[in-house]
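> TrEMBL feature annotations, pasted as is:
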type: SIGNAL; residues: 1-24; note: signal peptide
type: DOMAIN; residues: 53-407; note: domain 'Ionotropic glutamate receptor C-terminal'
type: DOMAIN; residues: 63-119; note: domain 'Ionotropic glutamate receptor L-glutamate and glycine-binding'
type: BINDING; residues: Pro128, Thr130, Arg135, Ser295, Thr296, Glu344; note: L-glutamate binding site
type: SITE; residues: Ile274; note: site 'Crucial to convey clamshell closure to channel opening'
type: SITE; residues: Lys301; note: site 'Interaction with the cone snail toxin Con-ikot-ikot'
type: SITE; residues: Lys390; note: site 'Interaction with the cone snail toxin Con-ikot-ikot'
Amino acid sequence: MGKGLHFMFCVMTTMLLLRGSSQTGEKNHPKMSPAPKPGFGTDSRGPGEGLPTLTVTTILEDPYVMVRSAELEGYCMDLLKALAAMLHFSYKVKVVGDGQYGAVSPSGNWTGMVGEILRQEADIAVAPLTVTSAREEVVSFTTPFLQTGIGILLRKDTVSQEMSFFHFLAPFSKETWTGLLFAYVLTCFCLFLVARLSPCEWNEPKNEENHFTFLNSLWFGAGALALQGVTPRPKALSVRVIAAVWWLFTIALLAAYIANFTALLGAGSEQLPIQTFEDLVKQRNLEFGTLDGSSTFYFFKNSKNPIHQMIYEYMDKRRDHVLVKTYQEAVQRVMESNYAFIGESISQDLAAARHCNLIRAPEVIGARGFGIATTQASPWTKKLSIAVLKLRESGDLDYFRNKWWETSCLHRSRDPWSPLQPQALGGLFLTLAVGLALGVIAAVVELSNKSRHTAAHAKKSCCSVFTEEMCTRLRIKENTRQSQETSGRANP
């Protein structure tokens, strides 16, 4: 009996212990524990059980990493998500504390994302971080996921070259205009010479004046340039051959001029006076700078190119005034002041697409790439490089690029026709005005010469004859002039 009671007591005790351990296990189960909420500037993804977790540092820059609805998104976030899915790891994202990319401080320590990796505050850096030799010495980089260079971001209204008053001469170069003038004079001289030599142009050279004088030949050539038929008309075959060749030449020349001038006006007639970095150094209207502590700044510092050295000296002397802290500050300064920003060309293309009053200069120097930074000898470096190559081969990187670089400015419809600005034809109007003035002056001179000869034969005053000639040509009635003289005598 005592053994039976003892057995029952042991069984009940064992059941109570098993029940207590089961309740304790339910309270400590991972699925029942509350998940930690990431704070501002952090993001946690891929909480798979048993997967390695990487701490990722990044920097806020549109469109690579942006904060929207308390979450991080952008090109780099899409890239990070795709890499995590391929390599099977979870990650926690944090924004770099000092807001810097990574440079050596005066104390000798690295700042920015590179510094956080060196201090083991982060495992990798996924951001628009440029691969440089200085950074490669302290951290490792993967295969670049984006290719870029160094360009110049400008505002259109500060760099648009004012339209020249003789803009209508722009379709042809100076050499072409010089050749055209020489061809015109030479052709007219040939017309004059051949017409003199050919017996078909006159029957009696001693008694008859040849119509193709040198002045008439010049007038004939000018009429052909304007596609107008003028006299004299050639009679001899030799003169007609020269005239026909000149007509064909003028037709082709006018066609080329009209085509070039139309293309010039259709392009908006905006030509950047700042095409290269050398043009930027030579001008004095725009200030220019870059991001403080960026790889672009150190590119110009380490470059042996004289132009690049001049740019670095300019920025270094005016460091507090021309260097900016963030990319957003740079874009805002370009839009609001006479400032040119030197930076990554791929980011400048995005700014020019989103802000239609901005434009990037054609020259791009210092080809470079954005890579993922890791600690040296990290096992993730090679894995991430291979994954980046696979994403490039599959077209995912191009998809991310098209997704985040798409803007309304790129799809804005353009007006196929715009009114012709008067500045483009200002030279033509000036030429017309000068021609009219010369015509009037020549008419007055001719009338004065005739009045002088008439006055000499009639023995009258030159002024009175000139006045009579003017009245006759202007149809002023003689009786009106006489009545005015009579009224003048009646009222002394």
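Backbone N, Cα and C atoms are what each Cβ position is placed from, and that goes for glycine too.
Keep in mind that TrEMBL annotations are predicted by a computer and have not been checked by a curator.
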> With the L-glutamate site defined by Pro128, Thr130, Arg135, Ser295, Thr296, Glu344, which remaining residues of that chain have Cβ atoms positioned within 8 Å of the Cβ centroid?
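So the extra residues in range turn out to be Tyr101, Leu129, Val131, Thr132, Thr148, Ser294, Arg368, Phe370.
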> Roughly how many Å lie between the Cα atoms of Ile274 (site 'Crucial to convey clamshell closure to channel opening') and Glu344 (L-glutamate binding site), rounded to a whole value?
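So the alpha carbons of Ile274 (site 'Crucial to convey clamshell closure to channel opening') and Glu344 (L-glutamate binding site) sit roughly 17 Å from each other.
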> Taking the Cβ of Ser295 (L-glutamate binding site) as the reference point, list residues of the same chain whose Cβ is under 8 angstroms away and which are at least six residues distant in sequence.
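Those within reach of Ser295 (L-glutamate binding site), by Cβ under 8 Å and sequence separation of 6 or more, are Tyr101, Thr130, Thr132, Arg135, Arg368.
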> Give me the long-range Cβ neighbours of Glu344 (L-glutamate binding site): same chain, 6+ apart, Cβ under 8 Å, in sequence order.
Pro128, Thr130, Thr148, Gly149, Ile150, Gly151, Thr296
> Which chain-mates of Lys390 (site 'Interaction with the cone snail toxin Con-ikot-ikot') that are at least 6 residues away have a CB under 8 A from its CB, listed by sequence?
Met86
> What does DSSP give as the helix, strand and coil breakdown of the domain 'Ionotropic glutamate receptor L-glutamate and glycine-binding' (63-119)?
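Its residues divide into 20 helix, 15 strand, 22 coil.
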> Please give the greatest C-alpha separation between any two of the L-glutamate-binding residues Pro128, Thr130, Arg135, Ser295, Thr296, Glu344, in angstrom, as a whole number.
17
> List the residues of the same chain that sit at least 6 positions away from Lys301 (site 'Interaction with the cone snail toxin Con-ikot-ikot') in sequence and have their Cβ under 8 Å from its Cβ, in sequence order, or write 'none'.
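Tyr312, Asp316 - these are the non-local Cβ neighbours of Lys301 (site 'Interaction with the cone snail toxin Con-ikot-ikot'), listed in sequence order.
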